[in-house]
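The annotation domain 'Deacetylase sirtuin-type' is assigned in TrEMBL to 38-315. Positions annotated as NAD(+) binding site by TrEMBL: 63-83, 144-147, 261-263, 287-289, Cys305. Feature annotation from TrEMBL assigns active site, proton acceptor to His162. What TrEMBL records for Cys170, Cys173, Cys221, Cys224 is Zn(2+) binding site.
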Amino acid sequence: MFSARRLPGSCRATRLHHLRHHSVSRPSPNLAFVPACLPPDPVEVEELQRFVSNSKKLFVMTGAGISTESGIPDYRSEGVGLYARTDRRPIQHAEFVRSASARQRYWARNFVGWPQFSSHQPNTAHLVLRDWEKLGKLHWLVTQNVDALHTKAGSQRLTELHGCTHRVFCLGCGDQTLRSELQEHFEALNPTWKAEALGVAPDGDVFLTDEQVRNFQVPACSKCGGILKPDVTFFGDTVSREKVDFVHQRLAESDSMLVAGSSMQVYSGYRFALAAREKQLPIAILNIGPTRLDHFASLKLNSRCGELLPLIVAH
């Protein structure tokens with residue numbers, strides 16, 4: 001058995017125990033950011049059931065589409081994703097590192113969005129995958145999301161490929177702290193600063209004007225005075241070789257791959273689907289809309305994760 005406390009990219013159990021969410025009830029979905037789709041086709045449900053039943057060590061990769069039913073928007077969904085609703089784009093790694101004003105803008109927006117973003121709870125799909133793990137069906141879960149919802153659901157055999165917004169670290173000394181603690185520092189530094197969000201974006205971001213963020217104060221690392229950054233892989237940055245190798249090892253131990261809620265447009269996740277194809281593993285996709293894997297997947301289902309996954313029995 002692998003220990004979640006030693007895994008690269010996992011939210012450490014000792015640091016984020018308060019995120020655990022063990023409710024057995026099935027939450028109602030929030031469909032504001034979910035693209036329209038038809039109800040699951042009974043034939044397709046049967047096909048996915050056969051796929052899961054035939055798997056003994058299932059490797060699952062999730063993307064933003066699994067969290068949209070928790071009320072978190074994604075980037076690419078038709079009509080409701082960030083790219084469809086606005087011309088805003090996420091911050092680039094190089095911009096964050098080199099520009100103090102970019103960091104000020106990022107943290108001001110994140111400060112306003114954090115209370116709502118951190119309060120989101122797992123939906124039915126997260127809880128189903130947690131249950132599959134408990135039953136021994138799910139061998140390993142890799143999420144491209146940074147929202148901690150799989151951790152809140154109770155998943156332990158988990159790698160957060162792109163990190164987790166609930167952690168912050170210093171680019172200088174590497175000291176790590178909880179994002180909730182940083183929120184308190186922001187409040188102390190900005191006791192009279194107030195801003196109303198003009199819109200919501202993925203990853204805890206909101207829309208603010210340059211005028212709104214101008215006087216926002218950003219703390220430095222309390223240990224060395226360095227730059228504080230969320231423990232996430234920004235666009236333009238790369239996932240560590242250690243983490244990539246670790247995930248490849250878990251994939252090598254698996255006998256099939258399920259992609260849930262991802263178009264797999266980002267190479268950091270897509271590479272594992274290519275590796276699964278090279279190993280001739282059967283691949284199933286559950287995603288509303290086309291993906292990069294459609295032409296070589298064994299099975300493609302165009303349904304909501306939270307609507308279809310609960311229909312599957314994991315023996």
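Cβ atoms here come from the backbone N, Cα and C positions, even for glycine.
Note: the Zn(2+) site is recorded as Cys170, Cys173, Cys221, Cys224; in the same chain, Leu171, Gly172, Gly174, Asp175, Ala220, Ser222, Lys223, Gly225, Gly226 also have Cβ atoms within 8 Å of that site's Cβ centroid.
In sequence order, Gly63, Gly65, Val259, Ala260, Gly261, Ser262, Ser263, Lys300, Leu301, Asn302 constitute the residues six or more apart from Asn287 (NAD(+) binding site) in its chain with CB-CB distances below 8 Å.
Taking the C-alpha atom of Asp147 (NAD(+) binding site) as reference, the shortest distance to any of the recorded positions His162, Cys170, Cys173, Cys221, Cys224 belongs to His162. Other Cβ atoms within 10 Å of the Cβ of Cys173 (Zn(2+) binding site), summed over all protein chains shown, number 12.
Summarised as a single figure, the pLDDT of the domain 'Deacetylase sirtuin-type' (38-315) averages 91.
A separation of roughly 20 Å, to the nearest angstrom, links the Cα atoms of the residue listed as 'active site, proton acceptor' and Cys173 (Zn(2+) binding site). Cβ neighbour counts within 10 Å, taken over all protein chains shown, single out Cys221 as the most crowded of the binding-site residues Cys221, Cys224. In this structure, the C-alpha atom of Cys173 (Zn(2+) binding site) lies 33 angstrom from that of Ser67 (NAD(+) binding site).
Counting in whole angstrom, Cys224 (Zn(2+) binding site) lies 37 from Gly71 (NAD(+) binding site) by their C-alpha atoms. Of the listed binding-site residues, namely Gly63, Gly71, the sparsest CB environment within 10 A is found at Gly71.
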